[in-house]
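Read through the structure below, which is laid out as structure tokens, and then see the notes.
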Amino acid sequence: MARKVVSRKRKAPASPGAGSDAQGPQFGWDHSLHKRKRLPPVKRSLVYYLKNREVRLQNETSYSRVLHGYAAQQLPSLLKEREFHLGTLNKVFASQWLNHRQVVCGTKCNTLFVVDVQTSQITKIPILKDREPGGVTQQGCGIHAIELNPSRTLLATGGDNPNSLAIYRLPTLDPVCVGDDGHKDWIFSIAWISDTMAVSGSRDGSMGLWEVTDDVLTKSDARHNVSRVPVYAHITHKALKDIPKEDTNPDNCKVRALAFNNKNKELGAVSLDGYFHLWKAENTLSKLLSTKLPYCRENVCLAYGSEWSVYAVGSQAHVSFLDPRQPSYNVKSVCSRERGSGIRSVSFYEHIITVGTGQGSLLFYDIRAQRFLEERLSACYGSKPRLAGENLKLTTGKGWLNHDETWRNYFSDIDFFPNAVYTHCYDSSGTKLFVAGGPLPSGLHGNYAGLWS
């Protein structure tokens with residue numbers, strides 16, 4: 001059979017009315033319509049590569065922040081408590097995570113110890129003494145503050161004399177030095193303003209600026225190399241400033257809490273006479289402003305939220321948010337709904353502010369939504385019914401209480417004492433919350449510590 005030959009040439013369309021055999025001019029393929037799309041040339045510039053990497057990292061960072069924010073929002077309702085047994089120690093006032101499994105704590109009975117949250121093992125750390133330890137006569141005050149420097153290489157806390165500042169090296173907790181010639185009363189609060197400079201706030205109404213110089217660190221290393229007995233230096237303050245006392249009760253001008261804004265190099269301070277003070281804190285301390293707090297009773301805790309540029313101040317029943325750039329009448333406050341027991345500790349994590357109360361409660365305030373987190377309705381059989389809109393509240397466990405003479409004489413008819421949350425801190429992952437404290441009445445002897453995870 002003969003093979004039919006098909007022409008590859010395209011015939012021109014017949015004009016209207018033309019015969020079927022009419023032939024128009026022949027046209028080839030329109031190559032302009034059928035050219036293959038060319039890929040853009042690969043850019044091999046280092047600048048182009050770095051720019052792409054920057055954009056990618058920005059996207060990853062943004063995603064990570066969203067993820068952390070979501071976790072912070074959901075975590076509180078999932079936390080479960082595991083208590084630690086601290087023996088006969090009295091009231092844990094301060095705590096900080098050293099690493100993923102160790103927390104260092106300070107107590108009213110002037111004990112510094114490390115708890116391993118995995119094994120529950122307690123290790124006591126020797127406290128540092130003044131040049132003249134015989135001068136220490138004060139009892140019942142203890143260690144109120146523990147702070148790590150930004151690089152987490154030094155730890156600052158109180159000494160054997162509660163008026164003195166003690167510095168330890170991390171991670172070994174070897175002693176470095178003691179600042180023992182500044183304050184005339186107990187140190188209530190400490191804030192690092194750089195890797196080598198710390199500020200202490202005292203009950204005598206003064207703020208001390210201390211510097212751990214390279215010379216002090218070098219001599220400390222040399223002493224440890226030649227002696228197995230802990231040997232440490234004694235340093236003097238670089239500056240000592242009194243908080244303003246005008247128009248206030250001078251007997252109540254006690255520096256109770258400090259918080260540092262690293263971006264602006266500003267140090268916030270709260271005094272027990274109901275004032276917030278702001279200082280420029282670099283190589284010295286310079287006062288910027290003082291403002292009366294809207295709720296001025298029992299102002300004992302302070303935290304700074306760098307992302308929100310606000311200070312959170314705890315009082316008897318409220319948390320107040322201060323932005324130093326705004327007028328004082330713009331201060332926003334929220335009520336804890338636990339009147340009388342006081343806000344004892346406060347902290348920022350992402351957009352959630354954790355509040356510890358004197359009644360042993362942990363509350364969680366969402367600064368974006370401007371409301372406390374609420375309970376989730378539980379459908380579990382046998383669970384306690386909860387009202388919709390009720391604040392989410394975690395309550396500390398029983399802890400330990402000494403049934404001593406004070407308890408027998410004044411409190412024996414009371415079945416249960418809640419443990420005030422004097423201190424709490426999140427680990428670096430934000431998934432573990434260490435909480436500690438003890439009974440609120442000053443005469444009672446007891447303790448509480450727990451890990452919420």
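Even glycines carry a Cβ here, placed using N, Cα and C.
What Swiss-Prot annotates here:
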- 1-12: compositional bias 'Basic residues' (COMPBIAS)
- 1-38: region 'Required for nuclear location and interaction with MOV10' (REGION)
- Ser15: phosphoserine (MOD_RES)
- 81-122: repeat 'WD 1' (REPEAT)
- 176-242: repeat 'WD 3' (REPEAT)
- 243-286: repeat 'WD 4' (REPEAT)
- 287-331: repeat 'WD 5' (REPEAT)
- 332-366: repeat 'WD 6' (REPEAT)
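Residues 150, 185, 188-193, 197, 199, 201-207, 209, 292-293, 296-304, 306, 309, 311, 313, 322, 324 of the same chain lie 6+ residues outside the repeat 'WD 4' (243-286) yet bring a C-beta within less than 8 angstroms of a C-beta in it. Counting residues of the repeat 'WD 1' (81-122) by DSSP class, helix then strand then coil, yields 0 helix, 21 strand, 21 coil. Taken through DSSP, the repeat 'WD 4' (243-286) splits into 3 helix, 22 strand, 19 coil. When Cβ-Cβ distances below 8 Å are used as the criterion, the repeat 'WD 1' (81-122) is approached by residues 140-148, 155, 157-158, 160, 162, 170-171, 173, 394, 396-400, 402, 422-429, 432, 434, 436-439, 445-453 of the same chain, each at least six residues removed from its ends. Within the repeat 'WD 6' (332-366), the DSSP-based counts of helix, strand and coil residues read 0 helix, 23 strand, 12 coil.
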